[in-house]
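Sequence annotations record features per position, and here TrEMBL assigns active site, nucleophile to Cys32, Cys35. Residues or ranges marked as disulfide bond by TrEMBL: Cys32-Cys35. The domain 'Thioredoxin' annotation in TrEMBL covers 1-108. Annotation source TrEMBL lists site 'Deprotonates C-terminal active site Cys' at Asp26. Residues or ranges marked as site 'Contributes to redox potential value' in TrEMBL: Pro33, Pro34.
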Amino acid sequence: MAHPIAVTDDTFAQQVLNAPLPVVVDFWAPWCPPCRAIAPILAELAEEFDGRLIVAKMNGDDELRTVAEYGVHGLPTLIVFQGGREVERLMGARSKSAYRTRFEAVLTAGRAVYG
């Protein structure tokens, strides 16, 4: 059973940029109600997409180096990395079906459809 993995500034390169699969990084914070609302959705999608992509969580309050490097200005922000680069960015909470559609688009096309 797949679960979201915790990522830090120190583990970001190894767990995200060098990952063999696309990685969805959820930049979140404990005080953020929309972040808490999408947490169970992302946990379900981690299981649904197991073996095709990795779902990771990064606390935006604690991991400031990566937040600054990728210009994360609001929470939640989900960034999809593939082959060591950003291919998709989703800002704000969305429905499970909306996230699923975006993740499938990245996997199917091998590239992002921004929006």
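Including glycine, each Cβ sits where the backbone N, Cα and C put it.
Every protein chain shown contributes to the tally, and the Cβ of Cys35 (active site, nucleophile) ends up with 21 other Cβ atoms within 10 Å. Within the group of recorded positions (Asp26, Cys32, Pro33, Pro34), the Cβ with the highest number of other Cβ atoms inside 10 Å belongs to Asp26. Only Cys35, from the recorded positions Cys32, Pro33, Pro34, Cys35, place their Cα within 10 Å of the Cα belonging to Asp26 (site 'Deprotonates C-terminal active site Cys').
For the domain 'Thioredoxin' (1-108), the model gives a mean pLDDT of 97.
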